[in-house]
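Database features, via Swiss-Prot:
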- 1-18: signal peptide (SIGNAL)
- CYS133-CYS174: disulfide bond (DISULFID)
- CYS136: active site (ACT_SITE)
- ASN158: N-linked glycosylation site (CARBOHYD)
- CYS167-CYS207: disulfide bond (DISULFID)
- CYS262-CYS310: disulfide bond (DISULFID)
- HIS269: active site (ACT_SITE)
- ASN289: active site (ACT_SITE)
Amino acid sequence: MSKFLLYWFVYGVVCSAAYDILKAPNYFEEFVRQYNKQYDSEYEKLRRYKIFQHNLNDIITKNRNDTAVYKINKFSDLSKDETIAKYTGLSLPLHTQNFCEVVVLDRPPGKGPLEFDWRRFNKITSVKNQGMCGACWAFATLASLESQFAIAHDRLINLSEQQMIDCDSVDVGCEGGLLHTAFEAIISMGGVQIENDYPYESSNNYCRMDPTKFVVGVKQCNRYITIYEEKLKDVLRLAGPIPVAIDASDILNYEQGIIKYCANNGLNHAVLLVGYGVENNVPYWILKNSWGTDWGEQGFFKIQQNVNACGIKNELASTAEIN
């Protein structure tokens, strides 16, 4: 790395970690310019500033107490509840067909490699952006199938989240869904098209799927029960990247590093578990989000292992076998 790039890397980290609450008005005006924010009135702008100030204080506190680094980002003028409501989407479906088999992992975890990352094998597709549509469940589910396809065929493809939003009769589109029910819906539909044939619209629409263009189907799906968080390592290595449910409340302003303190108050978001590692004797999980590459570590984030950070082991992990 050149001295120039190293300087800007260090400068960026220091700046994001060393905010001054007294400079909140300046930060806000820069935020408005950077993200081209448009407010309907001065009253609305003031209201958003107060939310921004509250979030800034939270960022400063996190940077003081956590090993991860947090920064002002595109969510910083939204309340936590607003962001969760607009940019996540894990929720109960209207009904479930229970196609997925429940697998109990009751043996203690065995010994495996200290580090593992599916990205190193080129089995993870690019980070996407769900926008203001509560379809995290579709993004995480299809991200896992994209990886399954890459493992089987040594080729990366992008599947259609819009097909899931429009045609999945089990989940409820941009209003939310679950991981295992998304797999069940794919079994019912018969398969999924690629994104180019059924592009993403970030909103609900009528179903336009073409079964003659399906490229991936689901043969069967499994849901895993275990009291051992570390057992996820075995599933990850043997079955491929895993869509998991988390509480996203404490990751909204994340920039980089290992999150040690993460709320576990209720699952509201779905992401893809792609790997794990150890840094300064702290074991961590690597997860792929669906908030674009301008969030986190180019769209990825890390949380500490074995403390149930963000509630990662609260919900049954789901995987699927493609056909």
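In case you wondered, yes, glycine gets a Cβ from its N, Cα and C as well.
Feature annotations (Swiss-Prot) mapped to structure.
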residue: CYS133; record: disulfide bond; contacts (Cβ under 8 Å, 6+ apart): GLY89, ILE165, GLY173, CYS174, SER202, SER203
residue: CYS136; record: active site; contacts (Cβ under 8 Å, 6+ apart): TYR87, THR88, GLY89, LEU90, GLN130, HIS269, ALA270, VAL271, SER290
residue: ASN158; record: N-linked glycosylation site; contacts (Cβ under 8 Å, 6+ apart): THR125, SER126, LYS128, GLU146, ILE194, GLU195, ASN196
residue: CYS167; record: disulfide bond; contacts (Cβ under 8 Å, 6+ apart): ALA185, MET189, CYS207, MET209
residue: CYS262; record: disulfide bond; contacts (Cβ under 8 Å, 6+ apart): ILE246, ASP247, ASP250, ILE251, ILE303, GLN304, ALA309, CYS310
residue: ASN289; record: active site; contacts (Cβ under 8 Å, 6+ apart): VAL127, ILE251, VAL271, TRP295, GLY296, GLY299, PHE300, PHE301
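In this structure, CYS207 is the one among the disulfide-bonded residues CYS174, CYS207 with the smallest number of other Cβ atoms inside 10 Å of its Cβ.
Each of the recorded positions HIS269, CYS310 was scored by other CB atoms within 10 A of its CB, and the lowest score goes to HIS269. Classification of HIS269 (active site) by DSSP places it within a strand.
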